[in-house]
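What follows is one structure encoded as structure tokens, with my remarks underneath.
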Amino acid sequence: MQRRIMGIETEFGVTCTFHGHRRLSPDEVARYLFRRVVSWGRSSNVFLRNGARLYLDVGSHPEYATAECDSLVQLVTHDRAGERVLEDLLVDAEQRLSDEGIGGDIYLFKNNTDSAGNSYGCHENYLIVRAGEFSRISDVLLPFLVTRQLICGAGKVLQTPKAATYCLSQRAEHIWEGVSSATTRSRPIINTRDEPHADAEKYRRLHVIVGDSNMAETTTMLKVGTAALVLEMIESGVAFRDFSLDNPIRAIREVSHDLTGRRPVRLAGGRQASALDIQREYHARAVEHLNTREPNEQVEQVVELWGRTLDAVESQDFSKVDTEIDWVIKRKLFQRYQDRYNMELSDPKIAQLDLAYHDIKRGRGVFDLLQRKGLAARVTTDEEIKAAVDQPPQTTRAKLRGDFITAAQEAGRDFTVDWVHLKLNDQAQRTVLCKDPFRSVDERVERLIASM
């Protein structure tokens, strides 16, 4: 499947402070954030004009699920548009607090852990064909996903009883199973709950919940692009060396704690391999696969950055990727800060900087400031992101949903939508079932819109 439907769901951390002290509970902050949403959507679970879903998840975490995308840059753009949607809610909520005489600064963090040790996720979705053994996909994918943090982790300062240490991944410490149907209790690497949001006879949806939330556009593109390419290779019958892990949960932590990528992890059958070895194998197969697939500039960029990042890890010369890979960008920032102020990694100011890197408010968030200075590379533009706040992807089913929502809202009609249904809540209760996520034109939807 060279053209694949993909999406990213991001849960955001939330807090509200007043002169540096916590002002409101996360529950209260979430209610203020979603008050505007509830006023027009009559719910804290809504679909937007750009085809995305916005809702309040378990534990008062705002969650944004992008619409269906079929290219990497399109997905990165719509993922960033989610930040803008949440930032608009933040600004509105702060104004409401001010109007009510409460005051306070609201923070939304695109990260994966809070100071209390709770974790919230960034879930990737990939449409895959129903035919074929799911177990083969998960067997080949697991070693790749366990070691993928080497190229696309968000970076984190981990406070241990002995000392503070810098790790590749925020999410690695919170994963407890390899493949499972749970998402919160056991937090697997791959979630097997079968909800295709498409024709279930043809497709299933691969739900990957191990990844970090990324700030750098290039890292997001690398994270999703490499996974999609590995899936494509599995579907094409590419043979990989067997890197089945003896204990994926121990391995994911060991990889996260080793910035050199060279520490051996134990494979099934007593063999050993390093994260670098494993990633090199997948990358080598990808380079070969490029020669057999249709040319695609975005996929070629992903394979090039993948190789360059592995070279940087192997040589420990990160200047090759220090504007493109989140954990490298963040580590360089910390090192400069430590050198300038002569402080240890365990200093509370570093922990504050770690959090501020993920603050999505423009002009305040540290990553945004780095990006403005040209210290973080880009794959999309502010103009494209702004357009994606209101406009759905034009090449997938998201266009049908977005056009329907826009038309219904402008006509003042009551409606209900989900990923596959578009329904007018009138006497006739007319409903269109859109089972093909690749289809952006549908006469039934056009007739439904025309009838308004």
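Glycine is treated like the rest: Cβ placed from N, Cα and C.
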Identity of the ATP-site residue among Arg53, Arg413, Arg430 (reference: Thr66, Trp419, source: Swiss-Prot): Arg53
Protein Cβ atoms within 10 Å of Arg53 (ATP binding site), excluding its own: 19
Beyond the site residues Arg53, Thr66, Trp419: chain residues whose C-beta lies within 8 Å of the centroid, for ATP: Gly7, Glu9, Phe47, Gly51, Ala52, Ala65, Ala67, Glu68, Ala398
Intrachain C-beta neighbours of Tyr55 (Mg(2+) binding site), sequence separation six or more, cut-off 8 angstroms: Ser44, Asn45, Val46, Pro62, Glu63, Ala65
Among Glu9, Thr66, Trp419, which are recorded as binding-site residues, the nearest neighbour of Asp57 (active site, proton acceptor) by Cα: Glu9
Alpha-carbon spacing, Thr66 (ATP binding site) to Glu9 (Mg(2+) binding site), which is rounded to whole Å: 6
